Amino acid sequence: MSDAAAGLLQVGLLVACLAVAYRPLGGYMARVYTSESDLRVERGAYRLFGVDARADQTWAVYARSLIAFSAVSMFLLYILQRVQSHLPLSLGLPNVESGLAFNTAASFVANTNWQSYSPEATMGHLVQFAGLAVQNFLSAAVGITVAIAVIRGFARSKTDRLGNFWVDLTRTVLRVLLPIAVIGTLALVAMGVVQNFSGGHEVTSVVGQAQTIPGGPVASQEVIKELGTNGGGFYNANSAHPFENPNGLSNLFEIFLLLLIPVSLTRTFGLMVKDKRQGYAILGVMGTLWAAFTFAATFFEVRGNSLEGKETRFGEWASALFASSTTGTSTGAVNSAHDSFTPLGGGTALFHMMLGEVSPGGTGTGLYGMLILAVLTVFIAGLMVGRTPEYLRKKITAREMKLVSLYILTTPTVVLVGASIAMGLAVARASIFNTDSPHGFTEVLYAFTSAGNNNGSAFGGLSANTPFYNTALGIVMLLGRFLPIVLALALAGSLAKQQPVPVTQGTLPTHKALFVTMLVGVVLIVTGLTYFPALTLGPLAEGL
Amino acid sequence: MTTLTKAPAVEQPPVQKKAPSGLFDPKMLVSSLPDALRKLDPRVMVKNPVMFVVEVGAVASTVIAFTDSTVFVWWIVVWLWLTVIFANLAEAVAEGRGKAQAETLRRAKTETTARRLTDTGEEEIPAAQLQLGDLVVVEAGQIIPGDGDVVEGVASVDESAITGESAPVIRESGGDRSAVTGGTKVLSDRIVVKIMTRPGESFIDRMIALVEGAARQKTPNEIALNILLASLTIVFLIATVTLPTFATYGGVHLSVVILVALLVCLIPTTIGALLSAIGIAGMDRLVQRNVLAMSGRAVEAAGDVNTLLLDKTGTITLGNRQAAEFIPVAGVTDTELADAAQLSSLADETPEGRSIVVLAKNGYGLRERHTGELPQATFVEFTAQTRMSGVDVDGRQVRKGAAGAVSNWINSHGGTSDARLGEIVDGISASGGTPLVVAEAVGGTARALGVIHLKDVVKAGMRERFDQMRAMGIRTVMITGDNALTAKAIAEEAGVDDFLAEATPEDKMALIKKEQEGGRLVAMTGDGTNDAPALAQADVGVAMNTGTSAAKEAGNMVDLDSNPTKLIEIVEIGKQLLITRGSLTTFSIANDVAKYFAILPALFAAAYPGLDRLNIMQLHSPETAIVSAIVFNALVIVALVPLALRGVRYRPSSASAMLRRNLLVYGVGGLITPFVGIKLLDLVISLIPGLR
């Protein structure tokens, strides 16, 4: 079979699998977040933590609960790394240095999973599964709760309540993530992914060197790494490592996992706002963008005929498909070195992250990010049909626009300002490997884009485990995660209070191809215009 | 009782109220220039964040130009200032049109003296000293000193100063025609007016403030759009200020002037420059149609209206019912009936009576007779007791009237009413018309001749307008005092979506509240005092200028022409205002793409030759490319001033169709136009000596 035929077959199979899972999972999640009854284990947890499961929260209380939860999570993760040498199952590894521990704690709590360290040489099994893996579940769940709260903002009217963060969080973990993760783990083990608590195997490499490859609970980590769009690998080589991703089938399954929830959430959205067509429209926008970027990445890689940095068992097609899906979902897992992509292929991955992780984005983050861009689009399009703009029967007034404007301002600001500071400081420039080539700048820009958009994939070529990058990227990850979350929740609160307006002939239809096209255009132009000068000096300067 | 005398010829020429509008006059650019320069004051500019950034950039570039004096830098400096001035010019031109109108109004508000009634008699005081509740006397030839209601007398008043309409109107005490406006002139008779406004808050004062734009506040949607524009400006500011550190790494040094040029090209200057002009012009378009909006908020709300409440009489139908048809009973010819109907209506001066005479003439060829031709005739006037009118002539008695009354008359004059007559009468009633039975008595025996079908006549073109409304998603509800049967028939004929029959002011209010509970925005017109609560409750309440002070106070717009149909135009103007804003915003953002393709290769192609492939316009040199982009950016503002003032073309259609059209014209057009424009400018600019 030719590469192209195999590649197209993979894409087709992937889309078919997602299509099959779309309705059941989307519908299931809608029921999870609208159900009035709790599982027994949930009631136990609520009693344990003193949560009143029936208490509906305002947006501010919801946001406070979320921030407090994340702050405590980050603190615990930081402490765990700092004392790991005193704890069991640490494989004799030393305590993690404070800058790195801060960076890693921020990274995993912000669902970024940027790793400026080599995991197998830094984190023992305990930190891996009691710290990082727990955050893989929790940070993914936090993203989904925000999406659900934003959906409720559209679906509810004349109320200031958006639901209960603790209930949403608990249900996401117990009813959505855990069951899929268990099934996924079994599937991955069947495909050959490692799952044990072994300390390491001595092997002799082809050139005769002795090498120690640690084993561990890889498959269980791998599943949530993809499913929760986390991306933090068990091994430094991430999904390029044969223990994490042994073959073409596991590769396709991992891509499926990372797209699964972001895609299905559009169905949940359509069901919860009681207009399935709106969910299809949002999915249409995400799908169009994903397809376009996948096509571009594949095109540049196949044309460049570049196998450097790629696993020969995957080749250009599967590597480009993985790269496009991981940068479109804020996952950041990689099965190939993006740094070694052709300049324009790597630039495509970079630009894909710059869209703000909305195609289809991270778990939850993709949906609320896209909904915010939809509100922006509605605002401009709505004016063009001669009405005060409205989306899903809610008016977009000055207050909503203020929050939307701040939201779309946040990520470009932290990314560009961060990158600018890095390029301006000699100490930060010293980390650049490919000096005096636009590629060096692309590496820095990629790092800040990845952190600001909570992607976590790295371009390589940049020694990021330095005090500057650990601190700067840690701050960028936290700002890029929590400022938008607060703004999105505030927007949801503002929308929920409104009285819905009736739909008439004069209402802008937001489920038709015309609106989908315009939303795609706004996503591309608004983000494209912001980053175009920077991209010119990076991938474009190198690739044209 | 005072008798009305014919109004004397109006002395002053009819006021030309309508300022030159519609077409944009280039001369106005020149005359508005001083205002535009005055607006450069940073304290004024800061209210427009986008243009303020341009001004700051222009100042910075000017300072630099003195140390780094090259042709290129000076070109940029000059065009940066022109960009700011053009923006101010757009606003000044829009305001200028209002100022002309304000001037006319001020003339009407000449210093008048008021004859205030006191306990002892009357005293003369300046009009400005009148207090709320004062009673003043105004006689023929005098100017009414302030807004108020007529409490005594009736007079004809020339209101041309505010309405532009030279035909005098009648104002009388009591009822819904009692309101008079300060600055208008009594042409005949004597009235006593109770002053209803405080000094300086009169209608004419508010009108002046409105058209001058002094009272202009940013409308909610304008504020929302401004927030978006400000945030886009910040994003581009960040994209620009972070660029030097990126460029330095590649060995490119970016000067401040170039960065300012890049920033100005990227921030949405087009819409930023025209935004306030669009708002002012929108209000102005209303004033051109003789509608005064008390707030811009109301104009925007008009574009959002979901439900229009329209009074039947005068809005949907002509003022009165008219004879549509004569239906004779068996054994009577059409002509006989028409003749009797005409005869019975000769002395009937009501509009219905006149319409019977007209129908007899036009439909049946009967010559119109005058009462004087029948000297021996005795005319019987309509009374509430008899509910009939008619004539006795040559021993023949002819009567017309309500079916019951005429039947009784026939029975009492030795006749019997035909059973089939009842069928005809019921048929007409069922169709929503009003039947008038015509009968005659000759030689003591009465008989019915037939029935006159009176019906409401729906104004021409109403059905089409309502169809358009429906296409725009607006529901029309007809309000009438008629019974449900009549109302239903007219509603069907006119094509409104719904009707409210036998409506009382309370019903109207309840209907508005019910619609609003469903999240709908309601617009209505009204004139009477009993309409005031509903006018206040409605999202858009248009009071007729002929109405009472209470109604005018309650509504948020006043229609000086007192034409209720105008509500439809108001909705269109509101929509057009929003569409213009949205279209120019789209155009402005879409323009940026081409500017990137002009400027970025110009900045970086020297360091990275590959980037020259982005120079798809094949511009002459980096310097001409940057100058062309900045010149295009400035000129496009001037080019769009007429569009901003006129509003983009608006044709009622569905939201989808409108979006498709505007997206094509202003979105796709906005992408392509600057590629062409910048290329053409580059061809010219490359000829300038000193620019390489």
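Glycine is treated like the rest: Cβ placed from N, Cα and C.
Just so you know, TrEMBL annotations are computer predictions that nobody has curated.
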Co-listed ATP-binding residue [TrEMBL; alongside B:D348, B:E352, B:F382, B:T383, B:A384, B:Q385, B:T386, B:R387, B:M388, B:S389] among B:K361, B:K400:
B:K400
Looking at the candidate ranges B:1-21, B:505-525, B:547-567, report the one that TrEMBL labels region 'Disordered'.
B:1-21
Any contact between the transmembrane segment (B:663-688) and the transmembrane segment (B:223-246)? By contact I mean 3+ C-beta pairs closer than 8 Å, pairs at least 6 apart along the chain.
no
Count the residues of the domain 'P-type ATPase A' (B:110-212) that DSSP assigns to helix (H, G, I), to strand (E, B) and to coil, and report the three numbers in that order.
20 helix, 40 strand, 43 coil
In DSSP terms, helix, strand or coil for B:D311 (active site, 4-aspartylphosphate intermediate)?
strand
If contact means at least 3 Cβ pairs within less than 8 Å, sequence distance 6 or more, would you call the transmembrane segment (B:48-66) and the transmembrane segment (B:623-643) in contact?
no
B:K400 (ATP binding site), number of other Cβ atoms within 10 Å:
27
Which secondary structure state does DSSP assign to B:K400 (ATP binding site), in the simple three-class scheme?
strand
Site diameter for ATP, Å, by largest Cα distance between B:D348, B:E352, B:F382, B:T383, B:A384, B:Q385, B:T386, B:R387, B:M388, B:S389, B:K400:
19
At the level of the C-alpha atoms, what whole-angstrom distance separates B:M388 (ATP binding site) and B:D311 (active site, 4-aspartylphosphate intermediate)?
29
I'd like to know which of the binding-site residues B:A384, B:M388 has the most other Cβ atoms within 10 Å of its Cβ.
B:M388
Using a 10 Å cut-off, grab the number of neighbouring Cβ atoms around the Cβ of B:D311 (active site, 4-aspartylphosphate intermediate), all chains included.
21
Count, for each of the binding-site residues B:D348, B:D527, B:D531, the other C-beta atoms lying within 10 angstroms of its own C-beta, and report the residue with the smallest count.
B:D348
Nearest to B:T386 (ATP binding site) by Cα distance: which of the recorded positions B:D311, B:D527, B:D531 is it?
B:D311
Would you mind sorting out which of B:D311, B:D527, B:D531 (the recorded positions) have a C-alpha within 10 A of the one on B:A384 (ATP binding site)?
none
